[in-house]
Amino acid sequence: MKVIVTSNNDVAGKKAFELIKEEMDNGAKILGLATGSTPVAMYKYMVNSDVDFSNMTSVNLDEYVGAAPDDEQSYRHFMQVNLFDKKPFAKTFVPDGLAKDPEEETKRYNKVIADNPIDLQVLGLGRNGHIGFNEPGSPFDAETRKVPLTESTIEANARFFDNEEDVPKFAYSMGIGSILKSKKIVLMAFGTEKADAVKGMIEGPVTNECPASVLQQKDDVTVIVDTAAASKLADSSIDEKIN
Ligand SMILES: N[C@@H]1[C@@H](O)[C@H](O)[C@@H](COP(=O)(O)O)O[C@@H]1O
């Protein structure tokens with residue numbers, strides 16, 4: 001695990017974009033993408049670059065169950081607005097929040113992941129250490145499935161909805177087992193509210209109580225955090241600082 005601390009999330013987004021570009025120069029064709037506020041700066045750098053993504057495929061981590069693609073809070077909508085509408089990809093996959101049969105949808109999405117092995121997976125981090133929507137307690141070998149969201153995640157994501165009651169209670173999420181199959185991982189986390197999760201992920205025991213801690217066992221993981229999210233880390237955990 002390589003840990004980079006940046007002065008702010010814009011610098012982090014630029015660094016993550018550069019890592020994507022580097023992988024594309026090395027032949028990467030399939031990106032695993034994430035939503036949330038964390039990757040927004042990275043998408044801005046992608047959109048404002050002269051990089052051509054029209055031969056690329058993307059596979060997103062998750063989607064709210066019940067969210068229509070054009071719902072403003074759906075992750076499909078987020079991806080269209082922040083990236084795909086401005087930088088077209090050849091193919092983009094996001095779980096279908098409106099799927100009638102959850103079991104069929106998870107099977108379909110597992111086939112999408114198997115058919116499109118991810119070269120580089122971008123991740124954010126939940127305040128409780130979740131990745132995708134793999135909440136504490138999630139098995140490390142899980143594939144895509146329908147998962148209940150924890151109170152902490154519902155509360156954290158309420159800022160995107162008019163009322164907390166409107167936050168969906170379930171999501172489709174790529175499982176940790178599938179995430180670990182990607183060749184490389186870039187995880188970003190910003191702000192003091194992520195500092196405990198960042199510490200657990202990097203310095204804590206590997207336990208599914210902090211799902212992201214499993215990344216300690218994977219090669220080729222780059223963690224990019226701002227100074228606030230890094231505030232509880234020991235100096236010895238930090239490999240590089242970028243201002
Ligand atoms: N399912 C998403 C995750 O994919 C995201 O990484 C995380 C952090 O969100 P944010 O980046 O808005 O802090 O929580 C959400 O619940």
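Glycine too: its Cβ is placed from the backbone N, Cα and C atoms.
According to TrEMBL, the features are:
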ACT_SITE  ASP62  active site, proton acceptor
ACT_SITE  ASN128  active site, for ring-opening step
ACT_SITE  HIS130  active site, proton acceptor
ACT_SITE  GLU135  active site, for ring-opening step
DOMAIN    25-222  domain 'Glucosamine/galactosamine-6-phosphate isomerase'
Rounded inter-Cα distance in Å - ASN128 (active site, for ring-opening step), ASP62 (active site, proton acceptor):
17
Cβ neighbours of HIS130 (active site, proton acceptor) where a neighbour is any other Cβ within 10 Å:
27
How big is the gap, in Å, between the Cα of ASP62 (active site, proton acceptor) and that of GLU135 (active site, for ring-opening step), rounded to a whole number?
12
Specify the count of other C-beta atoms within 10 Å of the C-beta of GLU135 (active site, for ring-opening step).
21
Among ASP62, ASN128, GLU135, the active-site residues whose C-beta sits under 6 Å from ligand 1:
ASP62
For the domain 'Glucosamine/galactosamine-6-phosphate isomerase' (25-222), report the average pLDDT of the model, please.
97
Please give me the CB contact count at 10 A for ASN128 (active site, for ring-opening step), counting all chains in the structure.
19
Helix, strand or coil by DSSP: which one applies to ASP62 (active site, proton acceptor)?
strand
